[in-house]
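These come from TrEMBL:
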- B:178-385: domain 'ABC transmembrane type-1' (DOMAIN)
- B:31-51: transmembrane segment (TRANSMEM)
- B:174-203: transmembrane segment (TRANSMEM)
- B:223-244: transmembrane segment (TRANSMEM)
- B:250-273: transmembrane segment (TRANSMEM)
- B:368-388: transmembrane segment (TRANSMEM)
Amino acid sequence: MGIGETTLLLLAGLIPLGYAGFYLGRRKALTTVADGVRMHSRPQQYGWYSVVSMGIPAIGVAIAASLLNLLGWITLPAELVLLMSLVTAAAGLGYGLKAVRPTLRARNALDNIIRWLLLGAALISIMTTIAIVLSVIFEAMRFFREVSVWEFITGTVWSPGDSFLEAAGRGDEISEGGGAVFGSVPLFAGTFMVTAIAMIVALPIGLLSAIFMSEYASPKIRGIAKPMLEVLAGIPTVVYGFFAAITVTPVIVDLAGFFGLDASYSNILSPGIVMGIMIIPFISSLSDDVINSIPQSLREGAFALGTTRSETIRSIVVPAALPGVISAFLLGVSRALGETMIVVMAAGVRPNLTWNPLEDMTTVTVNIVMALTGDQSFDSPQTLSAFALGLVLFIVTLTLNIISTILVRRFKQEYD
Amino acid sequence: MTDQSENNTPRLTGSVNDPRMRRRYRAERRFHAYCISAVLVALAIIVTFFSDIIGQGYTAFWHHEVQVTLDYNERSERIGQFALDSDLRDVASRGATRSIPRAIDRNPDLLGTTETTWVPVKGDIDQHFKNDKALSDSLEEKVNRLLADGQIRNAFNSRFFTAGDSKLPELAGIFSAAVGTLYVLGITLLFAFPIGVMSAVYLEEFAPDNKLTQTIEVNINNLAAVPSIIFGLLGLALFINFFGVPRSSALAGGLTLGLMTLPIIIISTRAALRAVPDPIRLGAFAMGCSRWQVVRDHVLPASLPGILTGTIIGLAQAMGETAPLIIIGMIAYIPEAPTGIFQSATVLPAQIFTWASEPESAYVEKTAAGIMVLLAVLLTLNAAAVLLRRKFERRW
């Protein structure tokens, strides 16, 4: 029996039992009430109490058994698990029905169970974080068993190309000096280059748009411009990638050619600019929020001293909003670092240490995708390198997010 | 002495003749202009972007078809190409006749009959009409003659919506990707909506203010900002390698996107719950409701529009996501729509990515057209979310 069938059979058993439990529990409560005895809770709450005392142990048994199977500690046949679960369900139902009596506080018990269920749901997000950390660290450790951490962090040559030959036991086919080298500096250089270009585009446009919308625009214009800008945030990154590769790159190559410069068709400038466009709405809407939460009295005080609007903005509003603006900037940087599709589609694949944005460069995310979409076996160092890169990316973006959260909290404390 | 007297008289601020005032006003106008031009640049980018995509993609909704007479004979029973008039074999798409042997096999009565029908022309010829792609002289002369004779026509490309992916650009469509998207989003919704709403209800209505609650809150905010590709790594390690979910399947994709959408749904649901004023809760408590009864009968119904708005926005974001799905292998070549959640599937953004990497120029318009469909759906979803909020939002 497959997992799907077993689950279906389990549900086919539990749902009728649940119905039976509800009606039997409620009937018992109703007959007790009819006899003139006052019960603590409403009859249907006793019904639900029976359902819960049937369902939770049964589902618990099923989940525990499948977890044990998954971990490979004990292997139980699916039929046995099904049987155990249904027997537990029947026993639970019997217990639940027996417990229905006037003194039973079914309502409080239900409230407690619901509280635990909800807590369980809330813990899933914590477990997601733990799972991310564990899975990425676990696979990265396997990578660092073969490649030294120091070489990974400081090496300036990234050439995983031949590692799959080694993994396949064909190490002798590797050309002279062509073994796998995992120095991640060129990848991070590319990532920082593309992030820097993106922020050079996004910060001025985003910040000035935010200032325009919160300080200059009439409510009507603001009502049009703000949603328009937010359209940019709803565009999928794969679409930006296509735009960068098909439209922006040729324009940049032509422009560079016009000025007598030589630009690569996978230059890093084009994905950088398009990524900047993608980040504009983040910067503008976050800055807009902070600027709006600056108390009006600060502005009025400045106006009373005779400053013009732009002087007020430059010397009062923006300095007051600075922590929020920096936080928006950091969130934007974190977005840019982790952005994948734009660089996969428009940036290069050749690790290249350069300051020239017209040359092709590759990034961390591009290499994660390349490592995991190739034909290598999962155990090859190239595949595992994706997790090492992912680990660094996760740590860097997490740090940026935490700093940004702290800044915003300080800012809010100051003005709330 | 006039100089000095001028310096001593108190200046009337705001006097337009004062050079310093004039400088300050100029600076003011300059700054205002910078701000306006930033917004205008952003709007210009939006206009350029949309007109570029539409300009490249609208042609894909029409294509050229050639009228052929399919001859179901012994030869075409083996090789479909022979059903065509030999003159049209280099005009009509190879794919149009590919299924003929199977059709005859299934329905032997066809043998010996003929059928006149319109089939797509080869991708190169379609591109010749649309973008002046160079053809060999004889072929160019032939297709121009056929066009003049009315044997080639420009027709609505319904195949784009009803066919799956194909290695022949003239036959490729978005149907299998659209079905895959529905499967994936369905799983995302089933996973993220209940868990997200339950988490938010716990945090807003039930949770005591202790260390655990604060940890969960901080954690959710951080999770919302984790790069999507990291969720792909998680999906690969957790669902595929650990739980053994089939690679490329809609289930793996849906669960991965579900984990990614979860924090978005939690955050927006919490905002919606917080917007319900406390007197509603206190009133219900005063009538003797338990906490769960307060939430179920009063708080949740009042906040439902906000919760649904957040969910739609979260789903729209999941629908456009590509990077995590590439990591878990959802860029396979899928010509047939999947019929189950364990089968290999692809989604619209992944289909767009696959087409964008194809070298043939005919795929460029397909890619842009796929993008137009995706953007239309996303904009509709977002507009629906905004309308929902406007229509049902209650001011307390």
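Using the three backbone atoms N, Cα and C, a Cβ is placed for every residue, glycine included.
By the count of Cβ pairs under 8 Å, the stretch nearest in packing to the transmembrane segment (B:368-388) among B:31-51, B:174-203, B:223-244, B:250-273 is B:174-203. Nonlocal intrachain contacts for the transmembrane segment (B:31-51), taken as residues 6+ away from its ends with a CB within less than 8 angstroms of a stretch CB, are lacking entirely. Here the transmembrane segment (B:250-273) has Cβ contacts under 8 Å with residues 180, 183-188, 190-193, 195-197, 199-201, 203-205, 220-221, 223-224, 228, 231-232, 234-235, 239-240, 299, 303-307, 309-311, 313-315, 317-318, 321, 324-325, 328-330, 338, 340-343, 345, 347 of the same chain, all six or more residues outside its ends. Using a Cβ-Cβ cut-off under 8 Å and counting only residues 6 or more beyond its ends in the same chain, the transmembrane segment (B:174-203) has close neighbours at 160-165, 213, 216-217, 220, 250-251, 253-255, 257-259, 261-262, 264-267, 269-270, 273, 295, 299-300, 307, 311, 314-315, 318-319, 325, 330, 334-338, 341, 345-348, 350-351, 370, 373.
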